[in-house]
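The following features are taken from TrEMBL:
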DOMAIN    26-140  domain 'PurM-like N-terminal'
BINDING   ASP28, ASP74, ASP217  Mg(2+) 3 binding site
BINDING   ASP28, ASP74  Mg(2+) 4 binding site
BINDING   ASP45, ASP122  Mg(2+) 1 binding site
BINDING   ASP45, ASP74  Mg(2+) 2 binding site
BINDING   HIS52, GLU267, TYR323  substrate binding site
BINDING   TYR104, GLY121, ASP122, ARG148, SER219  ATP binding site
DOMAIN    152-305  domain 'PurM-like C-terminal'
BINDING   ASP220  Mg(2+) 5 binding site
Amino acid sequence: MEDEFAFISRISPNETKQHTLICGIGDDAAVYRSSSHMDEVICVDTMVEGVHFRRDTLSPFQIGKKGLAINISDLAAMGAIPAFYLVSIAIPPTWSESELMDIYKGMESVAKPFNMDLIGGDTVSISESLVLTVTVIGRVEQGQAKYRNQAKAGDVLFVTGYVGTSAAGLNLLLEKGLDGDFTEHEKKLITFHQEPSPHVKEGRLLLQATKRVALNDVSDGVASEANELAEASQARIIIDSEKLPIHESMKEFSRTQQLNWALFGGEDFVLIGTIAKERADQIAKQFSEHNARFHVIGFVEEGETGVFLKEGNAIKKLEKHGYNHFQKRG
């Protein structure tokens, strides 16, 4: 691979999109102007080869897409609008320059619809696995950011899309590999895993529709994220197993497997949250008008803090744990 400075020159954008950006890549630090009526929202995530992704399940382009998308999803869960991103990448000798360029192209493909600017980062050499760290910066109206600690008894629990699809797609890839022979339904599930779409629009709709909403994104599974809402709010959350939105492409799997992936699979990157019950119908209508999904999957009630699964007349407690992404489940 060419030297670091030449590589940085190649990945540097030719133009900027955010009018508040004063100085991007090319100096010791980036400079942008804050808005007096907006709060800044910042988050960071790291993906490690062999832990969070594998080269036999994701192409370099898809690794880049996913690396940025999962961070934007965190902004969406705060009701924020994406603006900037920074990328630090630790590169082992087993990765070619063209593969690295594809990673950055993947990120750019996700950034473009949101007019995000790449404003900095770092590149270093490493002996073994590739490590990709992405920081994103967004903005939300002053005092309007959404948090996990707003759930109250009487609320309904909702998600903004299908759950379990990413885990199902990963399971197929681990069984057959990237070049496997897949049905159309299987290809759809694989796309859910390889190319997640952050629900920024849905986060903004919720921010505009209601003042109080407890909000999170489904990165580690519905059970885990619902537990984070319950713990932050000191609330008792009930998930109705019959109301979990299962994509039609998952129908070939057993009901037990569908439920397992929906609850513990993770990486769906839809939003999960609670709102006042009386607001649910109107918000569902607004979502429909904007071609967005809104599924009520449970409720909040008085009682012991935690998350509980309702199956028929039986209710059992769901512990907070997510899917081990590289362990196949039967």
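Using N, Cα and C of the backbone, Cβ positions are placed for all residues, glycine too.
The binding-site residues shown are ASP45, GLY121, ASP217; of these, the one with its CA atom nearest the CA of HIS52 (substrate binding site) is ASP45.
The two recorded residues, ASP217 (Mg(2+) 3 binding site) and GLU267 (substrate binding site), have Cα atoms 9 Å apart. According to DSSP, the domain 'PurM-like N-terminal' (26-140) comprises 35 helix, 46 strand, 34 coil.
A distance of 9 Å separates the Cα atom of ASP74 (Mg(2+) 3 binding site) from that of SER219 (ATP binding site). Confidence annotation: the domain 'PurM-like N-terminal' (26-140) carries a mean pLDDT of 93 in the model. Spatially, by CA atoms, the binding-site residues TYR104, SER219, ASP220, GLU267 include one closest to ASP122 (Mg(2+) 1 binding site), and that is TYR104. Of the binding-site residues ASP45, ASP74, ASP122, ASP217, ASP217 has the largest number of other Cβ atoms within 10 Å of its own Cβ. Residues TYR104, GLY121, ASP122, ARG148, SER219 are the ones the record ties to ATP, and the longest Cα gap between any two of them is 32 Å. Within 10 Å of ASP220 (Mg(2+) 5 binding site), judged by CA to CA distance, lie the following binding-site residues from the set TYR104, GLY121, GLU267: GLU267.
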